[in-house]
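Trainee: The structure that follows is given in the form of structure tokens.
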Amino acid sequence: MAPNIRKSHPLLKMVNNSLIDLPTPSNISAWWNFGSLLGICLMTQILTGLLLAMHYTADTNLAFSSVSHTCRNVQYGWLIRNLHANGASLFFICIYLHIGRGIYYGSYLYKETWNTGIILLLTLMATAFVGYVLPWGQMSFWGATVITNLFSAIPYIGQTLVEWAWGGFSVDNPTLTRFFALHFLLPFLIAGLTLIHLTFLHESGSNNPLGITSNCDKIPFHPYFSSKDILGFMLLYFLLTTLALLSPNLLGDPENFTPANPLVTPPHIKPEWYFLFAYAILRSIPNKLGGVLALAASILILFLSPFLHKSKQRTMTFRPLSQALFWLLVTNLFILTWIGSQPVEHPFIIIGQLASLSYFTILLILLPLTGALENKILNY
């Protein structure tokens, strides 16, 4: 009998082992769909981004006009831009749900997979930030100024670092040029890191909602989960096209319809919605360096998750106390997101400070303590 080409061909063999004959736990739920959704988001962003880059000019005098030209005069340019801008929002929705799933079901105990995932998140955040600067609207310019300026809080080398990043003494043409170069490069770095992420995942196999080993009950990925993934793709694209066609500017800032002007500061500088929770944590500390450290800690704290797991059970499926804390954390993140979009005045300042404090308290103190307490309860 002739060997099956998909199992013997050097390249097809890799695809086969990752997407066709991959042994998968039979009980994984829709929460395990987000990995493939992130993959399709990345491919969509690279494709639409490439088409946009063909019509974009990375120059402070022409950037705003070139984006306007793309929307007005290029065939379906408006659609490509709307898909790209809203695709970024869906990318972040998927990655936040993916991380939430990881925390709820204890997936962080696969340390290598988890750590590469956090590096992917940081790279995605950097990509989204430099991309937001490219249309060169008011919020693009002032967002770039405020966020890059945070590096000046680093002792001794801070100011030099900022001027080196800017390529001058303020955000100007060199900044825009290098941000465009970075925005073009980073998605390919994300694609490379994704392969590393998957390599580590396939070393251990997928986790499942029960958190117990599933080697005795695995089924092939295709056709069972490939069909489930395709349903996910259809729902994602339905959501994306609905957003891009019916309310493309829903998640954007009206300030960005005004060309960048270094002489006029917008009344309220804020990043895109997906960074608002971190922005609220940054602003909740009145000291510049303290704020920057809190901002970094809000994401880097995820690296500590495997070490803060004190429960004998992997997932939260049968841990009601931890579940309550998890949903409290989710609610807390919504509050932080809302606070980040509000001006710095009473009562938003104190709400932001309390929400920031509770964010770190839940992750660093309450979840590990609850895990240990639930172990004790198991003995009764």
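Heads up, the Cβ atoms here are built off N, Cα and C, so glycines get one too.
So Swiss-Prot lists these for the protein:
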type     : residues      : note
BINDING  : HIS84, HIS183 : heme b b562 binding site
BINDING  : HIS98, HIS197 : heme b b566 binding site
BINDING  : HIS202        : ubiquinone binding site
TRANSMEM : 34-54         : transmembrane segment
TRANSMEM : 78-99         : transmembrane segment
TRANSMEM : 114-134       : transmembrane segment
TRANSMEM : 179-199       : transmembrane segment
TRANSMEM : 227-247       : transmembrane segment
TRANSMEM : 289-309       : transmembrane segment
TRANSMEM : 321-341       : transmembrane segment
TRANSMEM : 348-368       : transmembrane segment
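For the listed features, I'd like the structural context: burial, neighbours, distances.
Mentor: Using a 10 Å radius centred on the Cβ of HIS84 (heme b b562 binding site) and all shown protein chains, the other Cβ atoms total 20. Under DSSP, HIS84 (heme b b562 binding site) is assigned to a helix (H, G or I) in the three-state scheme.
The number of other Cβ atoms within 10 Å of the Cβ belonging to HIS197 (heme b b566 binding site), over all protein chains shown, comes to 21.
In the three-state DSSP assignment, the secondary structure recorded for HIS202 (ubiquinone binding site) is helix. Other Cβ atoms within 10 Å of the Cβ of HIS202 (ubiquinone binding site) number 14 in total over all chains.
Using a Cβ-Cβ cut-off under 8 Å and counting only residues 6 or more beyond its ends in the same chain, the transmembrane segment (34-54) has close neighbours at 70, 80-81, 83-84, 87-88, 90-91, 94-95, 97-98, 101, 183-184, 187-188, 190-191, 194, 229, 232-233, 236, 240.
Cβ atoms under 8 Å from those of the transmembrane segment (78-99) belong to residues 31, 34-35, 37-38, 41-42, 44-45, 48-49, 51-52, 67, 70-72, 117, 121, 124, 128, 131, 236, 239-241, 243-245, 248, 251-252, 272-274, 302 of the same chain, restricted to positions at least 6 beyond its ends.
Within the same chain, residues 56, 58, 63, 67, 88, 91-92, 95, 98-99, 102, 107-108, 140-141, 143-144, 147, 175-176, 179-180, 182-183, 186-187, 189-190, 193-194, 196-197, 200, 271-272, 274-275, 299-300, 302-303, 305-306 sit at least 6 positions outside the transmembrane segment (114-134) and bring their C-beta atoms closer than 8 Å to a C-beta of that stretch.
Within the chain carrying the transmembrane segment (179-199), a Cβ under 8 angstroms from the stretch's Cβ atoms is held by residues 18, 38-39, 42, 45-46, 49, 53, 56, 58, 113, 116-117, 119-120, 123-124, 126-127, 130-131, 133-134, 144, all 6 or more beyond its ends.
For the transmembrane segment (289-309), the list of distant contacts is 99, 103, 106, 108-109, 111, 114-115, 118, 121-122, 125, 150, 153-155, 277-279, 281-283, 356, 359-360, 363-364, 367-368, 371: same-chain residues at least six beyond its ends, Cβ to Cβ under 8 Å.
Sequence-remote contacts of a segment are chain residues at least 6 beyond its ends whose Cβ falls under 8 Å from one of its Cβ atoms, and for the transmembrane segment (321-341) they are 100, 103-104, 270-271, 273, 275-281, 283, 311, 348, 351-352, 355-356, 358-359, 362-363, 366-367, 370-371, 373-374.
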Trainee: Where else in the chain does the transmembrane segment (227-247) make close Cβ contacts, counting only residues six or more beyond its ends and a cut-off under 8 Å?
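Mentor: The answer is 30, 33, 36-37, 40-41, 44, 79, 82-83, 86-87, 89-90, 94.
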Trainee: Return the residues near HIS183 (heme b b562 binding site) by Cβ distance under 8 Å, restricted to its own chain and a separation of at least 6 in sequence.
Mentor: GLY49, THR127, VAL130, GLY131, LEU134
Trainee: Tell me the Cα distance separating HIS84 (heme b b562 binding site) from HIS197 (heme b b566 binding site), rounded to the nearest angstrom.
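Mentor: For HIS197 (heme b b566 binding site) versus HIS84 (heme b b562 binding site), the Cα atoms are 24 Å apart.
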Trainee: Could you tally the C-beta atoms, other than its own, that fall within 10 angstroms of the C-beta of HIS98 (heme b b566 binding site)?
Mentor: 20
Trainee: Would you kindly give the Cα-Cα distance separating HIS202 (ubiquinone binding site) and HIS98 (heme b b566 binding site), rounded to the nearest Å?
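Mentor: Cα to Cα, HIS98 (heme b b566 binding site) and HIS202 (ubiquinone binding site) are separated by 17 Å.
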